[in-house]
Structures are given as C-alpha cells and as structure tokens.
C-alpha cells in the first residue's frame, strides 16, 4: 500500500494539525478585499443524503467497500485517531481472513512488561488486542495536538447527526481557496461542515492517496464513501446479522398470517355449511 502523507501526519476529523507549506500558505492568506462587502456563507442545515448499501430495514454492508474503508482508516485516520472499541479479531466481520488479521495485528507494536532492569519493552500485537492507539494516553494526545485530543472513532458515526451522510460531506467539504466572504483565520482551513466552517487540519484525503488491491480508483470521493461506510460498520458491526434476523422474522410472520387466513376461511366454511 502507498499513501501520500501530509507533513506531521494527516488526521481524519479534529484537532490542530500540521500542513504542507503550500496548504499553510493557502490557509493563512486572508481573503482578498472585494469592492463591495460579501456575505459570509450560510450555515448548512443537513448534509445531502447519499445512497448507501446499508440504508433501510434490510440494507447490507458492501464488504468490498468495508475493506477499502479500513485501508483508508489504517493508512490515514489511525495516524491520530484510535478505535478502542474494536479488536483486530473484529475485522473478520469485514471479511478479513484469520491469517490477514494475525499478520495485521503482529505488524503493530504494543507496550510489553518491564525487563529485568525495569525498562519498558514492546511486544507484537495479537488478534485479541484492541486497535493500537496512536498516543500513549489522552493527555499525551492533547499535548501533541495543540491542546485537543483527537476523538476516538469507534462510535463517531452514531455521535454525529446524519451519520454516514455527515462523514462523507465533511470529508469532501473542503474548499481551497475558500468561497468569497468567508472569514479566515491563519492556520485554519475552510470546510463547509466544520463548526464555524473552520478547522485546523488540512484535507486528509488526496487523489490516489491509497492503493486499493481490488483495482478501484482511489478518488477522494471513493475514499470518503468507503471510510464512511467502515466507520458506520465500526459503530454498528452487527447490523448485517440483525437485518438477516429481521428478514427471517418478517418471512415467518407472513407465513403465519397466510396460515391464519386459510384457517379462518376453513372455520367459516364449516359454520356456513351448518
């Protein structure tokens, strides 16, 4: 896999981040004065609804999209955001094989026991380990990220109103340069879906930033859709199983209804014959 990383790492959703010199220059350049005052962009109310495979009572996650979304998370988002609610074994739910899960876990280094000299050690991860956090503690994360610890992404899709629609809108909502009349602050970037339209991180997704093994072209739009799908799955990993059960229950109730109707007709036929 190859990823074009931003200087200092690209984080997915919050905090104060380092940008490339070109991006910093764009962010710090004040809006050009206009001959007449321009109105600031209005606050959007709700993100446009996107078509998702998991929508509806019987929707199902697209496994290929989940696997691509995990790659985006692992290569981009995990630089700054953890997922402490998930273990590597949970990735069986997106179709990863036991060997792939074991290899992935072993590629991560976790704190181990102290050695005979009282010095800390590290150990390779196991499938039972929770996703490795990019920081040793929340306090360390806040100290390294300008005072604000990047939020854990395990339940992000449930916390944010409109879930996947908001995630997708945010990831594709950067505007460089910003629209006319948008108030800018040095070191901030314009995003239509950030609070106040300003955020300290540069756009985390870049064209071709991740290489997908299935040959899917890694456009910004595709990466945003796939990682949004993965984050919804991470927040609700049992949705597919629940929907499968729901289908069975509905089918059972339909059969029961048909039997009840047939039994009713049979009973009334006897009564009418008498």
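Here the Cβ of each residue, glycine as well, is placed from N, Cα and C on the backbone.
Automatic, uncurated: that is what TrEMBL annotation is.
Quick caveat, the model's predicted, so the values are computed rather than measured.
Which of 28-50, 51-73 counts as region 'Disordered' depends on TrEMBL, and there it is 28-50. Given the ranges 106-129, 130-153, the record in TrEMBL names 106-129 as region 'Disordered'.
According to TrEMBL, the feature transmembrane segment maps to residues 245-263, out of the candidate ranges 226-244, 245-263. The secondary structure of residue 77 (heme c binding site), as reduced to three states from DSSP, is helical.
In terms of DSSP secondary structure, the region 'Disordered' (106-129) contains 1 helix, 8 strand, 15 coil.
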